[in-house]
Amino acid sequence: MFAGEDGAQLQCCVTVEKLNSSGQATRRQVIRKASVVLGRNEFQEIILRVHDGKVPQSYHLKEMKLFTRFARDGKCTIKLLPENIQVLVSNCPPDQLSLFLKTLSIKHQAWKSSKPLSDREKLKAGLPRSFEAISPLQQKDIQKANELRNKVAPKGLSDRTNKMTVAGTGQQVKRSRNDCNFSPVKANPSKKPILSLPSRKLNKEQAAVLSAVLSGKNIFFTGSAGTGKSFLLKRIIGSLPPKSTFATASTGVAACHIGGTTLHNFAGIGSGSAPLEQCIELAQRPGVLQHWTSCRHLIIDEISMVEAPFFDKLEAVARSVRRSTEPFGGIQLIVCGDFLQLPPVSKGKEKAAFCFQARSWRKVIQVNMELTEVRRQTDQSFISLLQAVRVGRVTEEVTAKLIESSYQNIERDGILATRLCTHKDDVELTNENKLQQLPGPMHVFEALDSDPALVKTIDAHSPVSRLIQLKVGAQVMLTKNLDVARGLVNGARGVVAAFESGKHGLPHVRFLCGVTEVLKPERWVFKSGGGIHLSRQQLPLKLAWAISIHKSQGMTLDCVEISLARVFERGQAYVALSRARCLQGLRVMDFDPRVVRADPDVLLFYKKLRKERMLMQASMDEFLRNRQT
Ligand SMILES: Nc1ncnc2c1ncn2[C@@H]1O[C@H](COP(=O)(O)OP(=O)(O)OP(=O)(O)O)[C@@H](O)[C@H]1O
Ligand SMILES: [Mg+2]
């Protein structure tokens, strides 16, 4: 278990304030590197212990108020009401904080309902003083908390609500997102918030990468499509202190998947093609410099699309701006991607060099790791087919299966397959034409942007357009995880079934998973190059008759039709095919084995990595054997 994974501990910055009757701080103590532990004393009362490395301070949590609105930014406030003291937590790894707050509120609620001892009873008991870290949340704690919640729920909630509560704990939801029968998922009709334990745990390999990251090493981790690289990255981001962690990706769409910004945006050196001195000057502009100096952990997703010279430039800029001779100026690098997917976009005829061919790559990357368990697909024969395509080995069996798929009827319930196109122009044309051809009035939804002058930057970072045009019958795709348990996930496919009445009536979308949902505008927030927060509020939808293969990189799709005749890039066919969850949800129109190409440089790089790792493993085994004898 990692520090803080039990919900009883935090590593963060703590400010303790003593307030006067009008709520102003009369005394303030700041502990930059505090360790906070949640525990119980000899009477089973809940104690918050704040450690500054020397003397711990303990706070008895009796009557308290929790302010948790900014928990995802690593901040919260615990206000002790009788004492009029507030403990402000900041720069805390957000996942650690979420679990801590959940543990605190559930255990506190249980303690309050358990008839605490009076002062007299405590005196009489005469127990020796003690402090023990609180036990991790168990399923039974959650169940009890849900029962308590239901007791105070408004009258009229039926038995059905209770049943849904249990389902929400993860016990009764049997259907996995990988099921390809698209069977309906039961909705939670009450929409009452339900408490549950985090259900989607990391597998062994993912946990090993996370622990290597937490050890502070510079890491490159790879794995084929759907092995959960981006899923893991989100957990890594949630496990690091937010002030010094920057999440980036090579493209805006990929950045959006992990809630980050583009690598170019972070770096602030344009395309990086200017001479080094000029790039260093650019990186020292206000706003940009602050990124470089405050960053201690830099995360890069979809590294396969980053060019080697750009990586080298960043490395040199980092050393210069941070005045450090260490590789990357001492920033911890957490890099991930699959080099057998899309390569960097080449300018002109020359093939762009991959990041692993950068001069500084070997100096920077200390640990290479690989995820091997595919999570996007469950059907082993489809997984094997994709693995063969990934390395460019198209056997007769693979060809036969893919050609056969062209006869499949994958449409269901009025939801057509999304066509993945090799060229962007085809995408726009297809979506526009199909929308025009539909009868009925057009409904237009305009985004609310935080800074309309920066519409281009916002466009590049948000998965939804400024203007969304819809009609009844429009084929759409969800662009945000709204409710994973009900199948409303990023990439889920649906069709517009109706609109609410009124000029700006919201769309009702029927999804392939069986749920029909009224969609409301959602908000996307990201940091711009100048360090300011930009946001867009818009419906989480995009037209889905067609999308480009480049834009689909990183996505999981329900129902896809692929035309591979005009494939022009190595890895492009693999990216397209590996978006599908299952062979039954895939139709390849015109398969020709010649379009499947794996880059020989990448194959060699991966072969070497494996050999090195095996050597490392062998010497480690030998070392262990020698120690035992
Ligand atoms: N430990 C896990 N528990 C549950 N679901 C997981 C886990 N790891 C990954 N998944 C799911 O598997 C699917 C694929 O994961 P993800 O998109 O992170 O893969 P990826 O390696 O980034 O793929 P790509 O190379 O295509 O970008 C997602 O639906 C994700 O939610
Ligand atoms: Mg990914």
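Counting starts with 1 at the first residue shown.
Any Cβ shown, glycine's included, is placed from N, Cα and C.
As annotated in TrEMBL, DNA-binding region covers the listed stretch 572-591 rather than the other ranges in 292-311, 572-591. For ligand 2, none of the binding-site residues lies close by, meaning a CB under 6 A from one of its atoms; the full candidate list was Gly223, Ser224, Ala225, Thr227.
Secondary structure at Gly228 (ATP binding site), as computed by DSSP, is coil. When pLDDT values are averaged over the DNA-binding region (572-591), the model yields 92. Compute the center of the Cβ atoms of Gly223, Ser224, Ala225, Gly226, Thr227, Gly228, Lys229, Ser230, which mark the site for ATP; besides them, the chain residues with Cβ within 8 Å of that center are Phe231, Asp338, Leu371, Val374, Arg375, Arg376. Cβ-based neighbour count (10 Å, all protein chains) for Ala225 (ATP binding site) stands at 25. Taking Ser224, Ala225, Thr227, Ser230 as the candidate binding-site residues, the subset whose CB lies under 6 angstroms from any atom of ligand 1 consists of Ala225, Thr227, Ser230.
Counting only same-chain residues six or more apart in sequence, the Cβ atoms lying under 8 angstroms from the Cβ of Thr227 (ATP binding site) belong to Leu371, Thr372, Glu373, Val374, Arg375.
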